[in-house]
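Asks: Quick one: structure below, then a few questions.
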Amino acid sequence: MGETAQSVWVKCLSFIQDNITPQAYKTWFEPIKAVKLTDNALSIQVPSKFFYEWLEEHYVKLLKVSLTRELGDNAKLVYVIRMENTYGNKQPFTEKIPSSQRTRISSQDIDSPLRNKSPELKNPFIIPGIRNVKIDSQLNPNYSFDNFLEGDSNRLARNAGMAVSNKPGGTSFNPLLVFGGVGLGKTHLAHSIGVEVKDKYPEKTVLYISAEKFTQQYIESVKKNNRNDFIHFYQIIDVLIVDDIQLLSGKAGTQDVFFHIFNHLHQNGKQVILTSDKAPVDMQDIEQRLLSRFKWGLSAELQHPDFETRVSIIKNKLYRDGVEMPEDIVEFLANNIKTNIRELEGAIISLIAHSSFNKKNITIELAKKIVQNYVKHTKKEVSIEYIQKVVSDYFQMDVETLQSKTRKRHIVQARQLAMFFAKKLTKASLASIGTQIGKRDHATVLHACKTVNNLSTTDKQFKKFVEDLDKKLTL
Ligand code: ADP
Ligand code: MG
């Protein structure tokens, strides 16, 4: 009847779109391509196993209804998974899924009998002589999914974390790597996963460890000559959570031992969860073979929370602390502290503390004062305009003079200093700095930066200028 895969899928999509949130639609349905239609089977291409599992887990009913509407009761859906390159160059493979019965692509939990195989296991990290010792998970029960609020900025990571907790080692996101800047919730999410696993599967051995502590333990084990015990200890863990793995960078020995532990756990269907302040591509001094393993599963980013999420995080915190705060102050905080949830929480705590110590109400004035403290610490980016103003004031000239074509030495120096600080304190390119400071080209700016560097090592007076200005601009 002239229907194509494309036309059938478009109709399914419009039905689906009406039945889920726009965000979910964007995340899970927009990336799908319809690739083939034969009789009553529609093939759709999804970007990863993760996607496939996610759709199966959450949207299989919706997909079924929408497809049945178009293709009748015998409608079938076929997933084509476009594999990322990480498993080598395997061809994309096809998996047929009768809508009634779930099939899983990923290998299932192979419950390794390791613990029984080596009952003589010597383990330096648990008290000797006690059998069936429970390993302390080192989990913080205050960090749970319940109080890890969902928003656009963390949806993928949070949901992947939940999926992993429901089926540790049994999803394709192994390892699950959560990355993102400071204070955005990596540690919180990592604990939540562990806490949830413990809750669902009390018999599983979960361990949370920071990469820093892992490194110390490893160094200690080398000193004490029990490196093998160290490795064995980690190999019996079912769910291993390593926080801040960027700290392994440059530590070849620790990376090597972690590589072996990782492989063992992975091969035995155990779950590994990692966090990092950088995306795998940006990690430096981490061995290639380890980096490539980090990419095996899913890397999910925690981004800066949007305004709505910041507001809900604040409100949730206030609610849990039993404190009331006027709406305009909540919004003021959310508007002014944007890039770090830890600081947002810090501001709320000091606001509450100030008001209760001084027996004052929480007012917008108080909020402003407190936010100032935070904004100072967060090292806000200065503008090139501001830099020129501060430098001209310091040398008691006006900005036009600083920008003028004159070759008078003190003016040239002031201009060069402005360029130097613009390079140092902003993200602007040399060319853009040149344009903004008296329409110079990028070579002039580069020359200025070099001159300032040279002069500040050879000329004491000049060094003082640089130091003074640095203070004025960064405090
Ligand atoms: P990171 O490890 O990325 O530096 P943390 O996990 O320590 O960040 O988070 C910093 C603070 O922000 C913690 O107190 C945490 O509870 C809070 N936080 C982060 N993300 C969320 C969220 N989505 N919902 C509620 N609180 C959050
Ligand atoms: Mg952390």
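Sequential numbering from 1, following the chain as shown.
Placed from the backbone N, Cα and C atoms, the Cβ positions cover glycine too.
Straight from TrEMBL, here's the annotation block:
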type	residues	note
REGION	1-100	region 'Domain I, interacts with DnaA modulators'
COMPBIAS	91-110	compositional bias 'Polar residues'
REGION	91-113	region 'Disordered'
DOMAIN	172-308	domain 'AAA+ ATPase'
BINDING	GLY183, GLY185, LYS186, THR187	ATP binding site
REGION	356-475	region 'Domain IV, binds dsDNA'
DOMAIN	383-452	domain 'Chromosomal replication initiator DnaA C-terminal'
Asks: On the 0 to 100 scale, where does the mean pLDDT of the region 'Domain IV, binds dsDNA' (356-475) fall?
Replies: 89
Asks: Please list, in sequence order, every residue of the chain apart from GLY183, GLY185, LYS186, THR187 whose Cβ lies within 8 Å of the Cβ centroid of the ATP site.
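Replies: Close Cβ neighbours, site residues excluded: GLY180, VAL182, LEU184, HIS188, LEU189, THR275, LEU302, ILE341, ARG342.
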Asks: Filter the candidate list GLY183, GLY185, LYS186, THR187 of binding-site residues, keeping only entries whose CB is under 6 Å from an atom of ligand 2.
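Replies: Going through GLY183, GLY185, LYS186, THR187 in sequence order, those close to ligand 2 turn out to be LYS186, THR187.
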Asks: Relative to the Cβ position of LYS186 (ATP binding site), how many further Cβ atoms are located within 10 Å?
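Replies: There are 22 of them.
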Asks: Determine how many residues of the region 'Domain IV, binds dsDNA' (356-475) DSSP places in helix, in strand and in coil.
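Replies: Taking the region 'Domain IV, binds dsDNA' (356-475) as a whole: 88 helix, 0 strand, 32 coil.
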Asks: If you draw a 10 Å sphere on the Cβ of THR187 (ATP binding site), how many other Cβ atoms land inside?
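Replies: 19, counting other Cβ atoms within 10 Å of THR187 (ATP binding site).
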Asks: Under a three-state reduction of DSSP output, how is THR187 (ATP binding site) classified: helix, strand, or coil?
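Replies: DSSP assigns THR187 (ATP binding site) to helix.
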Asks: Within 10 Å of the Cβ of GLY183 (ATP binding site), how many other Cβ atoms are there?
Replies: 20
Asks: What are the sequence-distant neighbours of GLY185 (ATP binding site), meaning same chain, six or more residues apart, C-beta distance under 8 angstroms?
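Replies: Correct list: PHE148, ASN154, LEU302, ILE341.
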